[in-house]
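Note sheet for the following structure.
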Amino acid sequence: MVPLLPVGGYSYGFSSLGSSEASWRTQNFDDASRRRQAVKTICERLTSRLGFQKQSMLNQEEHIEALWESFLRRYEDPKQAMEALSGQLLATQRSWREKVWMTFLKPHVPVEQVSHPLRDVCLFWLIWGELGNLRFCPELLCFLFTAACELCDSSSEAPLVEAAEGSFLDEVVKPAYGVMVTETFELRPNGVPAFKFGKAPAPARAGNYDDWNELFWDPWRLKHALKIKTPRPGVQRFVDACQDSADVWRKLRELDWEHSLRKHKTHLEFHSHFPLLIGNYRIFLLHSVFLCTMVVFWVQRLGRLEGLGARLWRDYGWLFQASLGLVAPAWMLLFQIGFQAMTPSLAKRNRLRGLVQLLCVDFLPVISFAALLWQHHLPDGVSTRFRYIPFVKVPTFDVLLVTHVFFSVFTLVVSLGPRPDNLYRWKFYPAMSRPDCIPSGAFWLFTVALWSIFASSGTWYCGQALLRIWDVYDSLSLPLPYLLAVLTILVIVPTLLVFFSSLCFFLTFSISIVGSMVGAYRLGGVRLMCTRRGMGLTYVPETMVGCLLHLPPHPSRETGLWERFSWWRRMSDPELEAFVDVWNKLLKELRDRDLVCGREVDFLSFRSAQDAFQGNVPGLFKALSALSYRATLPSNGEARRRIVSLARSLQMHPLPKAKVREMPTLSVVIPHYSETIRYSKKDLFSDGETKVSNDLLRFLIKYYRDEFRNFIERLEQEDCSSLEEALCTWASLRMQTLWRTVDGICGAYANALEILAHYQEIFESQRSLRSSVRQRLQVLVAMQQYAKFADPESPGFSPNELQAVEAMFSAFGDFLSIAYIEEQVVEGEKRFFSCLIDSSCEQIPIPGFDDVFARRAKYRIELPGFPILGHGKSDNQNCAVIFTRGEILQMIDANQDAYYEASLFLPSAFQEFCEPERTSKGRPGIVGFREHIFSAVGLLGRIAADSEFTFGTMIQRTLDWPLNSRFHYGHPDLMDKLQVVQQGGVSKATRGLNLSEDIFAGLDLSLRGGWTTYREYFHVGKGRDMGFMSVLSFYAKVSMGNAEQAITRQWMRLGLHLELSQLLGIFYSHIGFYMNQALVNRATKAFCFSAAIFALSAEVQESFSILAVEEMPLCLDALSSSYFGYFYLLFVLASMLPFAFEVMLEEGLQALWSLTFSLLALSPVFSSFQSKLMGYFFETTLNYGGAQYIPTGRGLATRREPFLKSFRCFAASHMYDALEVVLFIIFSAAQDYGTGFYFCTGFSATSWLIAPFLFNPRQFESMGQSLSDFREWMTWMTKLDEKEEVSWYAWQVSLQEVRRNKFILQFVIGNCRFLAALCTLGLVVSVHPFHSLNVVSACLIYLPCLSHLVVCLFLSIGFSCKASGRVPYILIATLAVVLTLLEIAVSAHLLTPAVIFHKYILLRWMLETADGLAANPSVKAFLPFVHDACRLWAFSWRFLRDMALGVPLALLFCAMTCIPCLNSLHTLFLFHTRRPKEEGLVVEDADENGSSTHLVDPDPIRNFFRTFAPESSVVVRGDRRRRKRPTGRSSLRATQSEPNFGEQEVLLVVGVGSSEALIPQQIELKDFDVKTRLALRRILRLKAGLTNLQANAATAGAGPVSVTQKPAKKAASGTAAVQPNQQGELAVKSEARKVRKVVKRRVADAETETTKDTKASPAATVQEEPAAQVPQRRVTKGKPAEADSGKRAQSQDGGEQSSPAQLREVRRKASSPSPCSSRSICARRTPSPSFRPRRMKGPDRRMGRSPSPRRRDSRAPPRRPTPRRSGGSRRPRRAAAQPAAESAPQPAAQPAAQSLAAQPGTFQPTQVMMAAGDGSDSTEFGGFLLSWILPEVYALEVHEGHQAQHILSLSRRQKEKSRRGGSTKGGSLSVEIDPHGAHQMLTPLEDMSSEYTGLVGVGTSASGGPQFEARVVFDTGSTNLWMASVLCKAYPCDEQHTSYDPASSITSELGAGGTSLAGLHFPW
């Protein structure tokens, strides 16, 4: 490797550009090619001299050119633009050079810096582009850049030698990176480092990016830290080895990074409460002062006015008042100790300065207080006069008291003020921005005033309780100081917890009030009241033109007086044309997203600008629409929201005016790891089967039903090339997928910018317009795993993901590029590269896979090593950010969306950066925007969406103003790349500490003097988690992230340097909120514990019980019931009010419904559970560390979580505490504390226990699942394994291991259990004093039970310190119970409830101590038997607790599954959905066993459309499109299949009308509701069972055997004949009764309609004809079927044909009014799309359209006219087959077991009446069904369909001539039988231009041919006709089974007095 060598001065490196500032200014860069050439020349020469990578150079060339062009759009002069770019990019470097570099180089003199902006910019980006993970250290970048600049600016004449490519990376970057990696990682042979500490956090002294970066802040530390590799005598420091400043770069390869970067820790990250208290001591000081002041005030007032606590107030009142001044010194002492301990790099002079300040300023009140005490204890000290000032006759005590008050106030004011900016006294310490604190101060005065009301009542309760306790103690003269101290503590501690946690609630109330007021002002004021409901939008056109479009100057329109009242008259032609185009494009985007239907688009769109000028505008923009806004907006809620959002955004202020030409360039970065890119068929359907997967598609269609209707309509209107792609895209656009994000960003942003630019500028062509937009927008997906997706040898290889990526490139290739990380083995060493691909890259086919491609990288830049050292996301962003080209960055997650109408405001959003650019304030670093949460699906999805909506709107708005406390929250915010690059990037990447990586961008920006702002006119979509586990996983992750933030240097410095008002807002909106959740849960347990202690204190003395309990209802009872009840009410209101206020602001009175819904949805239960979870994870992580990234999953959670998983996830965080709260309440049962107390505590405990199961989908689905869960849980409890998923023991070990880094002393006395044990000990000592007990009794009472612990020690020794992993815990737990009971039995005479309670508290304290000893590595190393014994003992008790908790819960939920309808109600509760009924949305009918209808089409996509869109022509057109253009004939193929009762359709043919005019109608199973359908299915099954029993009886009796559906089982020899099951008939009767009422009502409706139709057509009569010749009226798509007019039905054997007169009569009757025109028993069928509402609602009435008589959905497109024949009459789209002539007898029958069936690949169940089927019809059953179901129907025939496999594929013959009329002859039907029994039927067709006619065989003869033929008409739009034909096997066929005799059917006419139905008589 050639060593890294320098670049010379300008005369060598930059001779073409000149060597001075003057030469730079003389260059001409007006031409783009010259600018490009200048950048290229400088980058090439810098690369060749400094050793950069060539690929990195090419990448940065493109980057620099894009930035220069971006600035050039705002600065007309190219040089001025480059100078502005250089000034903003190098602002930090120039400040650092002055403060650090100058001092660091002494005694060397720095080279005078030459101003060459282009050179500096190129050099900065070239160095930055190669640093990899070192980019997180911005001052290290400043060091390297300044060294390179010194070299370039020097006048050295040293010879220049080109450096090898990549030498900078190898010699500088990699060594420094290696030191950073080995600090917390260990290298492995595979090249991927592993974290040294596993799940535990890194030690507090482990270095991180901030420590190494801050080494370069202090020149003195830096000078002593940097060492050279080979020190010489007297030369060890790096700076001493350099000859001059230019030599620094040359010596970088000799720098010893290993010794230079080690042991330079500037801030210790301790995992404890200590850093939280130190960094935010001012907040806790403020609370402490308020609490102490209020308590002292109420103690004094109650003591004086009510005479309470006389001795307490008389003796110690003055002391309490004076001690208030000691609060501030105490906190300042704690701060100084903590700050000194947490800053090891603090200089000694600064430590001394802190000590002096503590003694001379902070301790002044301590000195005055000591003097006060000394004076008070002197004889006559209170009355002694002050003698040191003449003429002053004041007592000395009073003088000292006044002095003490002054010192106390002075110290308090100084303590509450901010600390100096640079406590470290470093040369470089960025100064913070100082916003105006007056608005935030006023806000906090209002908040504290509200808070004081509640806090005053709480402290009143506390003061009264204290005084009464002391009064009782004094009145009884009890020598019980222990009990007095215990009761005093137990009054103060709950009050303290409530006091500290209640301010956060009142902050929420203030945010609700102030945020609503600020929002009303920003969102439009009074006009918002109209806009939020879509009323009065006539201002939108003119406002849009004036605020957004910014058209070029054009003449205005001259209007008269009356014309000015119409906005379309006031607007000029260009303005009107622009607005019409923008609006119509919005409607097109809504239509493409299926949010509106075609008719709504027609109603809302403009035909043209000229038409609009004539006044033909949509009703939405008419003045009168304000009174009828519902008639103007679309029916879809999302479409309405988007239109209203556009109108609301237009009236917001401030709204900057900007043009596309002047806007900066934008790069949108989307990090991606394993998120779903796009749903595939495999994702939507289970394992490639033909059924819809569990719930995803079904729930999507339910939630987006109207959008699915529009989707079907759009597919019918468009030429869809692939149904699979269309369905997968539709589903992907409604879930949280990467496809949705990229589609929204590329589509919405690009289309909005394109249409704005089109009307603001003049372009030569559409291509130039598109190119202009492409230069301003870049969408970069940081797809970390792409290389593994494309590697067939990798476990992550995924062809589906590659295909999805290629689909994205095909759709969005103009703007999309993908960055990924690639690893390769080069010369035996694994190297890592950051790569970029786009649509222009070459495709590389993947071997062995068709149509699967990868892309060849455009740029491959080597990284210094493995880049993922953090939690993944931040490192992934860091690797991708080098490929960004924009001046502005937007970090979008892969679960977001963008909207076209919101994207119109993008130029205004960018103007937020440009407007203050030329001011002294400078431009903001981050501009925040609001989010729309689109994932409100299901109960939990809506709760999570409401929470996120509130946080993204009201809370963000208030944090921006007046609190000035808003940082960066990741998602829609726009970031200034030039600023974030100088602070280390868009996020932090230290593992553990930076779990919430996004927030640190805002923290660092504020600490470095930047500022943020928030606007609401622009927004993007955001998806949230939608399942219980995923929602809580998100909150757990955020809670852990905030706990880690609390110990970082950023938060400590914010706490020290911010103004108090700003600090309060930042604290309580971030880590303080999560701390508050922990305090709330602590307060709940503290109140319960106090209640138990007070109740048990009655054992001390009876008189004390009377005084302490019964006579103090106003103090103890009020403290527990009223105060805690109010506190819990505040908690519930705080979780609901902000959302209600924001909804009321934006949507009006709908907030009342939102509140009602929250209560009905048990939102308080979820909030209580969520609060407990956040508090637990925050406190656990703060104490022990170990924060881990939790992948939450963003899909629709419909999968049932097993009991084991719920128990394992929430037992430690919720269930244990709930059990303990219940135990505390039991011990407090001796005293009634009021309903409020018990309700609140009981509600909390119940929520913590049942919430995981209450919100678990399908929790109560079946008893079998519950029992299986219980068995799985019991196996998990008793199994010993190393994986916590399969073993309870391993899970408990993982819970212990989080404590491994804590000191032993912290477990012994550092937890609240120790304090609780001291309290119970004081209680027990008061009950059983020491002097009354002997030693043995005292040990039995005071000490815990230790016998079991001794046994565990012996077991540990006996098992060689491995007993904890070998002994079965079910045995050791039983032993623990037995030994403890024996030990208690010995002291049974001394046991009292207080003693038992004390024993329990001691046990809990010992368990915490044992956990700490078992997890401590030192104990394990030096005392292994103690370690093992502690684990064994602790696990035995925890096993017993888990069994006592888990068994009742599991059995309870097993019992609850037996409750009828509970599962259905639970599903309705969670998902707000039920099975759809009659709207055409066919649902797979399930039987009572849960099995769904089997669909045998092998293609699940086509099967899906047939099931959910049965009348749509999408599948039919798809079939025709998938086939090639037919040139010959195609065949009909049938296969045999056995019928299956569980998979049948039931079709009832009902004769409706009088006997003179009998009109046969059909009822299908799907025409009934779910309950009736299931009942009909049960009838069929029961009937089949009866038939089988009859067959069995016949077999046993050797009688005639009837062929049944299922083969009869052979009876055993010697058994008696089986009698028919009479109970089965009763069961059939019972089920039929359920159906009777439903069908009866429908028949009555149909008779009414038929009577009306008959009166309207008196001539319509029906002649009696054979059943085969009566044309059955089939209802298809809402209109009757007609016979083929003018055609004669021909039989195969030339039988008799119907006459023309008969056909005309049939056609006349068929065209009579249909009984289906109103409510009837027929199926409601309408033209496609297939979904129609039951009643006319939606846009029918709103848009002024009359309702359809058939309830046709008004959103469907108008029905296309039916093609006319040559004679002018209309032919229906689908016509029924004409009745054929009576068929002749057929030859011998085929075997009865064979059935010729039909393939339902084209099955439309509403269009065909199935043939009679399986032979199981019996006379008894037919009459039975008639008599019980349809007693009023004149005729009935039951047909049981079969799952036939039948594909009728028709082809079009070559057109010879046009036949438009007359009769045609068809060819003969040829039948071929293959060896497998399948039949090939070829049906010749005749061309009718728009239709086909042909012969279709009906029925099956014994020879395999059809029984007869019928000529049918096939419409071109539906060339598939499904006809079921089965082999006749039983009655009503003849005995030979060769023919079907209609006369023998069970259908017959009914007489008035009764009838004989196939031999049976039924009276009616």
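Cβ atoms are placed via backbone N, Cα and C, with glycine included.
Per TrEMBL, compositional bias 'Basic and acidic residues' is recorded for 1642-1655. Here TrEMBL flags 1688-1701 as compositional bias 'Polar residues'. If you look up TrEMBL, you'll see 1711-1731, 1775-1797 marked as compositional bias 'Low complexity'. Per TrEMBL, the feature compositional bias 'Basic residues' maps to 1757-1774, 1852-1862. TrEMBL lists 1892-1964 with the feature domain 'Peptidase A1'. As annotated by TrEMBL, region 'Disordered' applies to 1516-1536, 1612-1797, 1847-1873. Annotation comment: TrEMBL describes 281-299, 319-342, 354-374, 394-416, 437-461, 481-514, 1126-1145, 1151-1169, 1236-1255, 1303-1327, 1333-1357, 1369-1397 as transmembrane segment.
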Stretch in 319-342, 437-461, 481-514, 1369-1397 most in contact with the transmembrane segment (1303-1327), if contact is a CB pair under 8 A: 481-514
Whole-number mean of pLDDT values that fall within the domain 'Peptidase A1' (1892-1964): 47
Beyond the flanks of the transmembrane segment (281-299) by at least 6 residues, Cβ under 8 Å: 309, 312-313, 317, 320-321, 323-324, 327-328, 331-332, 334-335, 412, 415-416, 452, 455-456, 459-460, 462-464, 466-467, 495-496, 499-500, 503, 1055, 1060, 1063-1064, 1067, 1072
Closest-packing stretch to the transmembrane segment (1236-1255), where packing means Cβ pairs under 8 Å, from 319-342, 1126-1145, 1333-1357, 1369-1397: 1126-1145
For the transmembrane segment (1126-1145), sequence-distant contacts whose Cβ falls under 8 Å of one of its Cβ atoms, 6 or more beyond its ends: 454, 457-458, 498, 502, 504-506, 508-509, 511-513, 515-516, 519-520, 523, 528, 946-947, 949-950, 953-955, 1080, 1083, 1151, 1154-1155, 1158, 1163-1164, 1167-1168, 1171, 1240, 1243-1244
For the transmembrane segment (1369-1397), sequence-distant contacts whose Cβ falls under 8 Å of one of its Cβ atoms, 6 or more beyond its ends: 1092, 1096-1097, 1099, 1227, 1230, 1277-1278, 1288-1289, 1320, 1323-1324, 1327-1328, 1337, 1340-1341, 1345, 1347-1348, 1351-1352, 1355, 1432-1433, 1435-1437, 1439-1440, 1443
Spatial neighbours of the transmembrane segment (1151-1169) far in sequence, C-beta under 8 Å, 6+ residues away: 939-940, 942-943, 946, 1032, 1131-1132, 1135-1136, 1139-1141, 1143-1144, 1214, 1243-1244, 1247-1248, 1250-1252, 1254-1255, 1469
Remote residues contacting the transmembrane segment (437-461) - C-beta distance under 8 A, at least 6 residues beyond either end: 290-291, 294-295, 297-298, 302, 495, 498-499, 502-503, 506-507, 509-510, 514, 961-965, 1059, 1061-1062, 1064-1065, 1115, 1118-1119, 1122-1123, 1126-1127, 1130
